[in-house]
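Data block below; observations after.
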Amino acid sequence: MANEVIKCKAAVAWEAGKPLSIEEIEVAPPKAHEVRIKIIATAVCHTDAYTLSGADPEGCFPVILGHEGAGIVESVGEGVTKLKAGDTVIPLYIPQCGECKFCLNPKTNLCQKIRVTQGKGLMPDGTSRFTCKGKTILHYMGTSTFSEYTVVADISVAKIDPLAPLDKVCLLGCGISTGYGAAVNTAKLEPGSVCAVFGLGGVGLAVIMGCKVAGASRIIGVDINKDKFARAKEFGATECINPQDFSKPIQEVLIEMTDGGVDYSFECIGNVKVMRAALEACHKGWGVSVVVGVAASGEEIATRPFQLVTGRTWKGTAFGGWKSVESVPKLVSEYMSKKIKVDEFVTHNLSFDEINKAFELMHSGKSIRTVVKI
């Protein structure tokens, strides 16, 4: 099959705002420096829903969504040297070419090698490997995991432990790695730190896990859905508060609770007003607030400059700061050695035909992560 077109099932998003449609598609063989992967499991993330809603300015249709997946290499194109058929892998939406100025700089993980074409839903050569009913179907985030087979650039693949359960470690392709890395890489919080985590979904829980691993003394969870508090405490939150229970702004509440403010705060929602509250909840002189949530296009953040002049820092993070190709295998190893949790994030398992139900569960707030077996 290596040099042949594969016919398989995929969940196609034909247009914005409509449910995904399970279709038979054709997946072309990998070209030079590309890898064709049989996807075994994928999760559904808020980013997929954001694009499907039509609000994403980079969203293009028709497209195969999905970026939290894991699978087995089916075949490789010419020039691929580090991967072979049969390898167990996680596709990566942030690649690591190892050669661009971003990859060569230890301060960032934002490889730009294929950014332009990836943003257009195309492979690095400017074309697609997917067709359905005679129409070209676009790629998504360089991964397109809502398909039995996908084709990705070889710099967008992490080779992982073949013993890892793919219906669990697929989550390391986005949300868990993002939150965990925000704490241990971006914030680099010290043991004994006091932290506040705004938004207790999957990413927020991963931040809590990272804070706990790093030795935080207090981890305060903040969410308007109190049903999320029990699970947050299981992950390591020492206390949880609901902003709706107070008559004053939540930053004032946190400043009072923590004798002047937290050492580190994390915004895991994508709400610019919450981003401001998270910054202003930080301690004068040294507090650091990390923006993890992705706000809608065109949104702007605001605060009084005095907040920054008096020693607070605003930072952002993407994929938790992990240089992807080299870091994801290590994260899988940390999971296998029980240093980090993954299983506990999975609240629902569905068949491929039920993929639209995964979006419904997410919008209802009833799931952390739903894993779809492909």
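Note that Cβ sites are derived from N, Cα and C of the backbone, with glycine treated the same way.
Lifted from Swiss-Prot, the feature list:
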BINDING   CYS45, HIS67, CYS174  Zn(2+) 1 binding site
BINDING   CYS97, CYS100, CYS103, CYS111  Zn(2+) 2 binding site
MOD_RES   ALA2  N-acetylalanine
MOD_RES   LYS233  N6-succinyllysine
MOD_RES   SER247  phosphoserine
MOD_RES   LYS315  N6-succinyllysine
MOD_RES   SER324  phosphoserine
MOD_RES   SER351  phosphoserine
SITE      ARG115  site 'Important for FDH activity and activation by fatty acids'
For SER351 (phosphoserine), the closest of the recorded positions by C-alpha position, picking from CYS111, ARG115, CYS174, SER324, is CYS174
Tally every other Cβ atom lying within 10 Å of the Cβ atom of LYS233 (N6-succinyllysine). 16
Largest tally of Cβ atoms lying within 10 Å of a Cβ, found at which of the recorded positions ALA2, CYS97, CYS100, CYS111, CYS174: CYS174
Long-range Cβ list for HIS67 (Zn(2+) 1 binding site), cut-off under 8 Å, min separation 6+ in sequence, same chain only, gives CYS45, THR47, ASP48, PRO91, TYR93, TYR140, MET141, GLY142, THR143, SER144, THR145, GLY173, CYS174
Name the secondary structure element type, per DSSP in three states, that contains LYS315 (N6-succinyllysine). strand
Work through the recorded positions one by one (ALA2, ARG115, LYS233, SER247, SER324) and name whichever has its CA nearest to the CA of CYS103 (Zn(2+) 2 binding site). SER324
Below 8 Å Cβ to Cβ and six or more residues apart, same chain only. Which residues does that give for ARG115 (site 'Important for FDH activity and activation by fatty acids')? none
Under DSSP, is CYS97 (Zn(2+) 2 binding site) part of a helix or a strand, or is it coil? coil
Between the Cα atoms of LYS315 (N6-succinyllysine) and ALA2 (N-acetylalanine), find the distance and write it as a whole number of Å. 44
Cβ neighbours of CYS103 (Zn(2+) 2 binding site) where a neighbour is any other Cβ within 10 Å: 22
